[in-house]
Structure formats: structure tokens, C-alpha cells
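A.B. asks: Structure in C-alpha cells, see below.
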Amino acid sequence: MSSPHLRTYAYRAQNHPNAAARLLLETVVRKKSNLSVSVDVTSADDFLAIIDAVGPYVCLIKTHIDIIEDFTPGLIQKLQALSQKHDFLIFEDRKFADIGNTVALQYSSGVYKIASWAHITNAHTVPGPSIITGLASVGLPLGRGLLLLAEMSSNGSLATGSYTEEAARMARANPNFVMGFIAQRRMETVGLTTCETAGEDDFLVLAPGVGLESKGDAMGQQYRTPREVILKSGCDIIIVGRGVYGSPKNLDIQEVRNQAGRYRTAGWEAYEERVLSQ
Ligand code: S5P
């Protein structure tokens with residue numbers, strides 16, 4: 001059985017057990033884009049302007065909703081309107097990390113009510129499998145999907161070795177709600193014992209730490225190119241933030257649009273090379 005990343009996105013869309021993963025893969029195919037833009041800005045106007053500019057080029061918009069200074073619930077309606085206009089899904093990068101009961105409340109309630117609008121969210125595995133149980137109790141009935149942080153792009157990350165292996169096992173035990181990983185490589189064989197073989201699961205790998213020019217920032221971020229991430233490491237979706245929008249202090253919306261187009265092309269060409277080389 002070949003690894004899922006060697007099959008087309010279209011094939012994988014038809015067979016995925018998780019509703020949000022199916023929607024994402026269908027969007028990737030419709031838009032010929034495996035680009036997710038991470039919109040890490042603090043003003044609601046900049047947030048919406050960037051999303052409107054990159055919308056045509058992305059399959060997924062990644063948010064950190066709690067960094068918006070002038071957040072109002074109306075912002076979510078505007079985000080959803082842009083999601084309809086441009087045909088993309090929404091991923092709130094909340095990185096839940098608490099016991100099941102607490103994360104269920106954080107996911108469903110409070111100011112942001114994340115589960116009501118984010119198709120996808122993510123969680124650290126540090127609390128153990130109960131974090132999946134808690135989030136699934138809210139997200140599964142809504143058709144949402146969860147990504148587990150199996151690895152991180154930052155220098156000195158502790159998510160390595162047996163921690164990453166345990167994250168892979170936790171995903172395999174929960175394939176209905178866990179749709180994939182935030183990681184830097186494929187996870188099919190990670191954490192298998194010597195007598196186990198990779199199963200049929202298709203976990204999507206969404207990879208942050210992607211840049212065409214820069215190799216990193218002053219705070220430990222590390223970048224690889226879309227080609228390295230998609231072709232060499234077999235990841236499925238590239239997550240790009242500052243590589244697309246530059247510095248929020250000098251936003252140039254035409255340049256944001258150009259960069260989104262550039263990353264989309266780079267990500268898609270790397271995917272085509274990957275599946276065609278089979
Ligand atoms: O390992 C990780 C996981 C995540 S979700 N490394 C990351 O950088 N991220 C997120 O991806 C991070 O929180 C930020 O929102 C984005 C990368 O942004 P960039 O500007 O460095 O591309």
C-alpha cells in the first residue's frame with residue numbers, strides 16, 4: 001500500500017473519514033491550491049484586507065483570533081462571508097493544551113466560540129488522549145476536524161522522538177476526529193513497533209515554517225521552501241504567514257496578492273511533481 005501522499009488530492013478527498021478533511025481536500029482540488037495563509041495581524045481591518053487579497057489563492061485561512069485587538073463577534077461574520085466569497089476553509093490555530101473538560105469549554109464557549117466557525121483547530125498532545133475526547137465531544141457533531149501538533153518548526157522544539165511517536169499513536173486511535181498533524185514530515189510510520197505496518201489511515205500533514213526567501217526569524221522560527229516541504233518531506237499543505245504578507249506595519253495589498261500567487265504556484269508545482277513522478 002503506497003503512502004497517502006503519493007495519491008492525488010482528488011482520490012484522497014473521496015475516501016477520507018473526516019468531514020472537514022474531505023471539505024479541505026475538495027477545496028484544494030477545486031482551487032488547485034495547497035496553500036494556507038496564516039494571518040497573524042492585530043487589526044481587524046488588516047486581517048480582513050489580507051484575507052480578501054489572498055482568498056483566491058488559498059484552500060485554507062489560518063487564524064489566531066485572540067491576537068485581534070478590536071475583535072467583535074461581527075468579525076466572524078465577515079470572515080465567514082469571505083470564506084464563502086473566495087471558497088476557503090477556516091483553521092483557528094488555538095493549540096489547545098488542557099484537560100478534556102476545559103478544552104471542550106474553551107472550544108465551544110467564551111468570547112470566540114471557536115467550534116461554531118472554525119472548520120479545523122489543533123491541539124498539543126501533552127495532556128494525553130483525553131484532550132481529543134474533550135474536543136471531539138464538541139467538534140465531531142459539527143463535522144469539524146482536529147490536527148495534533150506532532151512536531152514544531154521552532155528551533156529547540158521539545159516535540160521530537162517519543163513525544164512525536166505518541167502523538168502519531170494518539171491520532172491512529174482517533175481517526176474520525178483527528179484529520180492530521182501539524183508536523184514537518186509524514187507520520188504514517190512514526191511510532192510503529194517493529195511488528196506493526198502502516199495502516200490505511202490518511203492523516204493530512206499541514207506544515208508551517210515555510211518561506212521562499214528567509215531561512216528564519218529572530219525568535220527561533222525556521223523556514224523551508226514549498227518544494228522541500230511538499231516534495232521532499234511529503235507534507236500536504238504549506239502554511240505561510242509573513243512570507244506572504246511581509247510586515248503588517250507596511251502592508252502592500254498588491255504585493256500580498258502577488259506573493260500569495262507565487263506560493264500557491266510553488267506549492268502546486270511541487271505537488272504535481274510528487275504525484276506525477278509515481
Ligand atoms: O510548529 C509550528 C506550528 C504552528 S501552527 N510553527 C508555526 O510557526 N506555527 C504557526 O504558523 C505560527 O503560530 C504562525 O501562526 C505560523 C507561521 O507564521 P510565519 O509568519 O512564520 O510563516
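Heads up, the Cβ atoms here are built off N, Cα and C, so glycines get one too.
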A.B. asks: To which of Lys62, Lys78, Lys113 does TrEMBL also attribute binding of substrate at the site defined by Asp40, Ser153, Gln221, Gly241, Arg242?
C.D. replies: Lys62
A.B. asks: Cβ within 8 angstroms of the Cβ centroid of Asp40, Lys62, Ser153, Gln221, Gly241, Arg242: which residues besides those meet this for the substrate site?
C.D. replies: Ser38, Pro208, Gly209, Ile239, Val240
A.B. asks: Among the recorded positions Lys62, Lys95, Arg242, which residue has the largest number of other Cβ atoms within 10 Å of its own Cβ?
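C.D. replies: When each Cβ's neighbours within 10 Å are tallied, Lys62 leads.
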A.B. asks: Ligand 1: which of the recorded positions Asp40, Lys95, Asp98, Ser153, Gly241 have a Cβ closer than 6 angstroms to it?
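C.D. replies: Within range of ligand 1: Asp40, Ser153, Gly241.
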A.B. asks: Using DSSP reduced to three states, classify Asp98 (active site, for OMPdecase activity) as helix, strand or coil.
C.D. replies: coil
A.B. asks: If we check Cα distances from Lys95 (active site, for OMPdecase activity), which of the binding-site residues Asp40, Gly241, Arg242 wins as closest?
C.D. replies: Asp40
